[in-house]
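S.K.: Please see the structure below; I have some questions.
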C-alpha cells in the first residue's frame, strides 16, 4: 500500500477547518466530546469480537536500506503520533512560562502549590495500596490531569460563572503537565544507550541552528525532527519527549512593533506590484512578525484536540468488559489504588493546599473564587485519562494488570465527574447564586493595586470600568472631572479596564499602553491623553502620546510587546464577566469601606453627585 504525503496546502486547509470548528463552538465541550465519543467507540469495539486487538496489534515496519523500525499500530500511535500531542503541550508550557499565566509568580503561586500537592498526594495514596511488585511501578498513572476532559466537564457541570475557576484550573493543569512530562523523562526510561542519545542531542542542536539561520521551511525541521525521534527511540528514552524538547527550544514572544511595521510595508509593496518575489517577501514578513511558537500552536492544536487524542483514546481505552474483568478489577489493589489516588488524592491534595495557602496569605485567592468551587474543580482534576492511559502503557507489561489499570482510570473519571457535579451543587445550596449578580463591587478597591485619583482614605469611592475607545466613556470624563471638583479630597476615583474588542479594535492596545505608562508613574497622564484622543488610538498615535509624555520608549515598547501587565486587564475583565455586565462605562459608588453599589441610569455629574451624597448620608459619614 502506498501512502502519498499530503501537500502543505491540504494540511493548512484541514487545520483551518478544524480551527473554524473550534472557534465557532465551545471548544472545551467539543474537544471533550470528541474524546468521549472515541472512548465509547473503543469500549464498544473491544467488546464485539477480536478485531479490536488484532487491528491495533497489526505490525507496521518502516525500512530505509538495512535499517528499520517495526511497531504495531498501537505503539505507532503511542510513541509516534503522541509526539505531536506532547509537542503541543510543550508549546503551551513554554508560552505560559514566557508570556502567560506563569510569568506572574505571585498570581500563579496558589495553583502551582495546589498542583504540587495534587501530584504528590495521589502517588502516596496509590503506593499505600501498592507498595511493591509490578503494580508499584504504575504510581505515575495517578499524577496527571486530562485538561481537555476537565475543562469540558467544568463547562457542563461547573458553577454559573466559572471564569476565575477556569483560569485557576488551566494554570494548575500547565504545572501538572510539567510534572507529568518530567515524570515520564526520569522514571519511565529503560535501558539507556548513550550513543543514540548523543545523536538525538545533536539533532536538537541542529534544530537550534536552523532557527538561528532563520530557516523557515517546515520540511527541513521535519527531517531533522524525524531523525531525532529515531535517535531517542533507539536510546531508550521515550521518543515522545522529543516533541516536548523541540517545543521548548522554539522561541515565543509578543509581536515586535518593528517587524509588524515591516510586514505592513512588504504587504503594501506586493499590493502595488504583485509578483512572486514580493509575495514571498510579504509572506515571510508576516510569519516573522509572529513567534513560531504561536504559529505552530495555532496550526497543530486542532489536530491534537480533534484527531490525535481521540485516536489515542480509540487505541488505548478499549477494555473487554465481562463479569470476570469487573470482578478482577474490584479485587485489584492496582485498580483501587488508581481510583483512590485520582479521586481522593486530587480532591484532598489540591483543596487542602489551596486552603492552607489562602489561610497563610489572606487575599491570595482571586475575588469571587470560593474554596467550595475549588473543591469541585479539584474533584474534576481526578479525570486523568489521556496521560494516565499513556503511562499505563509505559509502566505495565502484563495485559491483565493493564486491563485492571484501565478499568481504574475509566472508573475514576466517572466518579470524579459525578463528585465534581455534587460538590458544585452543594456549593450552590450553601451559597445560593443570586438571580441578579454584580449589584455590588466584586473585588474591593486595593490602593496598592488599583489606579486611584484622590486620597486612598477618602470617605467616598467612585469606580469606573471603562474603554479608552468608547465615546461614552470619553464623554463621561467631563462628568468625572466635575464630580471630583465637587467633592475634592472626600472622593477617590478608581479606573479599571473593560476593552470591548468587538466594537473598539484599538481599546485593548490602549489599555496595555496605559499600564505600561503606569509602570513609569504616568498612568493618569496617559489616561487623559487617550480619552482626549479616543478617535485616534492607532499604535503609532499611542506611541506618539507616550513620547510626548517623555516616557522611556524602549521600556514602554518592551512592556507592551511582552504583555507584562496584561494580567491586570484580564483581572478587570473577569470582574465584568463574573458580575454579568458588558457595557461601558459601568460605575460602582458608595461610602468607602462599604459594599459599593452598581450605578444604573444617567451618569451626568449631577446624578453621580446626588448618588454619592445619598451614600454618604446612608453611611452616616460627615
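Using N, Cα and C of the backbone, Cβ positions are placed for all residues, glycine too.
Okay, these came from Swiss-Prot:
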type: REGION; residues: 1-429; note: region 'Na(+)/H(+) antiporter NhaA'
type: TRANSMEM; residues: 30-50; note: transmembrane segment
type: TRANSMEM; residues: 73-93; note: transmembrane segment
type: TRANSMEM; residues: 109-129; note: transmembrane segment
type: TRANSMEM; residues: 138-158; note: transmembrane segment
type: TRANSMEM; residues: 167-187; note: transmembrane segment
type: TRANSMEM; residues: 190-210; note: transmembrane segment
type: TRANSMEM; residues: 215-233; note: transmembrane segment
type: TRANSMEM; residues: 303-323; note: transmembrane segment
type: TRANSMEM; residues: 337-357; note: transmembrane segment
type: TRANSMEM; residues: 374-394; note: transmembrane segment
type: TRANSMEM; residues: 407-427; note: transmembrane segment
type: DOMAIN; residues: 430-617; note: domain 'Thioredoxin'
S.K.: Take the transmembrane segment (303-323) and find every residue of the same chain, 6 or more past its ends, with a Cβ under 8 Å from one of its Cβ atoms.
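M.R.: For the transmembrane segment (303-323), the sequence-distant neighbours (Cβ-Cβ under 8 Å, at least 6 residues beyond its ends) are 14-15, 18, 21-22, 27, 30-31, 34-35, 37-39, 41-43, 45-47, 52-53, 56, 73-74, 77-78, 81-82, 84-85, 88, 148, 385-386, 389-390, 392-393, 403, 406-407, 410.
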S.K.: Name the range, of those listed as 138-158, 190-210, 337-357, 407-427, that has the largest tally of Cβ pairs under 8 Å with the transmembrane segment (109-129).
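M.R.: Between the stretches 138-158, 190-210, 337-357, 407-427, 337-357 has the largest tally.
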S.K.: At an 8 Å Cβ cut-off, counting only pairs 6 or more apart in sequence, do the transmembrane segment (337-357) and the transmembrane segment (407-427) clear the bar of 3 or more pairs?
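M.R.: Yes, these stretches are in contact.
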S.K.: Other than its close neighbours in sequence, what residues sit by the transmembrane segment (167-187), given a CB gap under 8 Å and a spacing of at least six beyond its ends?
M.R.: 86, 89-90, 92-93, 96, 100-102, 108, 110-112, 114-116, 118-119, 140, 143-145, 147, 150-151, 154, 237-238, 240-241, 244, 350, 366, 369, 374, 377, 380-381, 387, 391, 394, 574
S.K.: Does the transmembrane segment (407-427) reach the transmembrane segment (73-93), going by 3 or more CB pairs under 8 Å (6 or more apart in sequence)?
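M.R.: When sequence-distant Cβ pairs are counted, the transmembrane segment (73-93) does not touch the transmembrane segment (407-427), since fewer than 3 lie under 8 Å.
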S.K.: Are there at least 3 C-beta pairs under 8 angstroms linking the transmembrane segment (138-158) and the transmembrane segment (30-50), leaving out pairs fewer than 6 apart in sequence?
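M.R.: The answer is yes, given that the two segments have at least 3 Cβ pairs within the 8 Å cut-off.
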S.K.: Report, as numbers and ranges, every residue of the chain located at least six residues beyond the transmembrane segment (73-93) whose Cβ falls under 8 Å of a Cβ in that stretch; write 'none' if there are none.
M.R.: 55-58, 60, 174, 177-178, 181, 229, 233, 238-248, 250, 252, 293, 296-297, 300-301, 303-304, 308-309, 311-312, 315-316, 386, 390, 393
S.K.: Let me know the model's mean pLDDT on the domain 'Thioredoxin' (430-617).
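M.R.: When the pLDDT values over the domain 'Thioredoxin' (430-617) are averaged, the result is 90.
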